[in-house]
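Pulled from Swiss-Prot, these are the features on record:
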| type | residues | note |
| --- | --- | --- |
| REGION | 1-64 | region 'Domain I' |
| REGION | 65-143 | region 'Domain II' |
| REGION | 144-163 | region 'Flexible linker' |
| REGION | 164-216 | region 'Domain III' |
């Protein structure tokens, strides 16, 4: 069981990383809430991990905190929610927001996540309610909100060319597709979130937040 990984960040794409650990490259899938906290390529990265073994694949999922890892592990225990859907949930909302949804039985907000309908949202609340409330102190102890990396801060000061804007848009759409959104919805979400954004991470963050607010 691989429970933690520390190494050099070789590649980073929304939802998937390549980390060099003593010459061995590990592909690690991450929620966007973890992706936002990453440093630049060639920087050191440390993640808590959960290893999933299936008949057709072995996949490693990484999280910025032990709490997020625990929440993920509880989510995938819910009938009808696999690892991909759990990652989509933790991409659209942090652990605190998820806890609020569970406490308030906000089925409509949970149903904004791709792959989750009303029935699945209701089942999620029933099955995870007590477990998540027991973790409330750990969840609230985490720093609220997402972290803006120095790379994002520097990029926000730079002008965006048409070519760069197209690249950011396409990368954002690909990330939203990977999270389970349909092509038409992904393009609409990315387009509405573009504004003066200068990184794909910024667009994706705004798109996911916008999706939650519009249906919350």
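Note: Cβ is positioned from N, Cα and C throughout, glycine not excepted.
Worth saying up front: this structure is predicted, and the values here are computed from it rather than measured.
According to DSSP, the region 'Domain I' (1-64) comprises 4 helix, 38 strand, 22 coil. Broken down with DSSP, the region 'Domain III' (164-216) shows 43 helix, 0 strand, 10 coil.
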